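The structure appears below as structure tokens.
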Amino acid sequence: MDNRRRLQLLLLLLLQMRLFGIANSMDSFEQLFSNSYAQFSSQPISFRLPMPTELQGSMIHNGLGLFDFEHRSFVHPFDGLAKLTKIDFVPGSRRGNFSMKFLRTAVFEQSLLRNDIAPYLFFDGVEPAFNLLQRALSLLHGLDNMNVNVVRLRSETYANYSAYLALNDITRSYRFDPVSLDTLGCVKAQAFETEDTNSILGFLSHLSSAHPLPEFGTDYYLTFVTSIDPKKILQSEWSCSVSIVRMTSDTERQVLHTWQLSQASYMHSFAATRRLVLLFLNPLFINMAAMVTTADPVRSLDWRPDRPMRVLWLDLRTGATGEAAIVDRHFLMHHINAYEEGPEVGNASSATVIVDATAYPDLGFLQNLTRKNLRDPTLRNQIPVNSLLRRYRVHLATGTVQPLEVPYRQANDPIRSLEMPVINEAYRFRRYCFVYGVLLKSDSRDLAKVSLVKKSLCNAADDRRWHADRHFPSEPVFYQARGASAEDDGYLVSLIMDAPRNVTYVGVFNATDMTLVNEADLPTWVPYRLHGKAFP
């Protein structure tokens, strides 16, 4: 171990000791958004029962790790510095392994050495706020905290090997070792990381999505890139575009089509079918004047619900494009699934497309979900949990978008606000019924009443939920049963914080009836997980 690494570990230990009393004074829900210093490498864990043979390989999640330093703290919980977790399964055995490590990004390394949050761009601000010079530096450095999701792509450097990447809403990523979770370095996507991206506001030329989608029939992934020319901004001009991009490896990108825009919309995810890619351009626009003066992305968004939401699509087979629009007064956050229907499925000129997503009527949830509000139960319960499951039918031939009803057991059923949605991936791009996710404020009153839910888009009588008081589940992963005869024939796995015992456990659920069928305690509590995947 070199002297620099020893110094970093010493600083981390001192920071842990200084803030230990703060962590002990928290309520249990807030602890999910507090500093977690523990790191583990292949720590053995024991399940209560032998694991189903379908659960094999690893489940890797990205999420939050550090929020508070000696001199500064994050305002928003989603800005916690990245920390990876991994569960290794041994099919048919009670044995497993747990690993958890920080993603050693540039912002992590610099913040640790300073014992202060380094001047980079984050979703929200910091306390105390950056001064003018620090804000300028954050606009120069851009986004570096890759704490949202993970993906596996072909490695461009090592033939016959895969590259595992940690992602955020930008083309840049960080590679990590899937066995040890050690950070292997920053990855810059060719064709987007140019000299201009290293200038002030350069990050605006390669905004992207932390939710790439698999391209049907290939080993590739698809994403989009929104580009705002920083030189034009400084000249008080606009030059914006959005492109559909194929991710062929960890560094190689192919631009499939580009649209010129008059304004840049904020999009976190997108939709795809077996042959189409669809972008829903939210009427949620990036306010460049606010971005330049505040260096605060979430406060630099202009919500214009009266403006149409444009829908752009590309036929991957023919290169044909199309466009539609709808005034829907919602912006889409997490696309769930999409599939083609109609008399000529697969014919992009005549088919219709069903698109499902979680959507919000305003910015209330995102802007009020601050750590200050989370620390106060009264303020916390005033945070609006107002996302909605939305279903749309896109008529490709006529260029129209039709909102469709989602069935519920009762009016204003809380399950309509589920988030962190996942599906049985065997049903991606296909007609399907079931969405699984996490539901905050599941009693419609207390934000910390968190449930794991199953929502049927076909028959509300099939809706199910699991809840245990002061147990906080995170985004689940679906494992399909071997020889499955039904879409929901399988298992759901979630990392769940057990607040009374101050420990996180791996919960394994029957995905049909949402009963807990197996579990294993981890050697520590784990801060909030955002998104992850199964890697067989």
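Using the three backbone atoms N, Cα and C, a Cβ is placed for every residue, glycine included.
Please treat TrEMBL annotations as automatic predictions, because they have not gone through curation.
Here TrEMBL flags HIS211, HIS268, HIS334, HIS531 as Fe cation binding site. Among the features that TrEMBL reports, signal peptide is placed at 1-25.
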Collapsed DSSP category at HIS334 (Fe cation binding site): strand
HIS531 (Fe cation binding site): tally of other CB atoms within 10 A of its CB: 21
Fe cation site, defined by HIS211, HIS268, HIS334, HIS531: further same-chain residues with Cβ within 8 Å of the Cβ centre: VAL148, ASN149, SER209, ALA210, SER269, MET333, HIS335
CB contacts for HIS334 (Fe cation binding site) [other CB atoms within 10 A, all chains]: 20
Local Cβ density at HIS268 (Fe cation binding site) - other Cβ atoms counted within 10 Å: 18
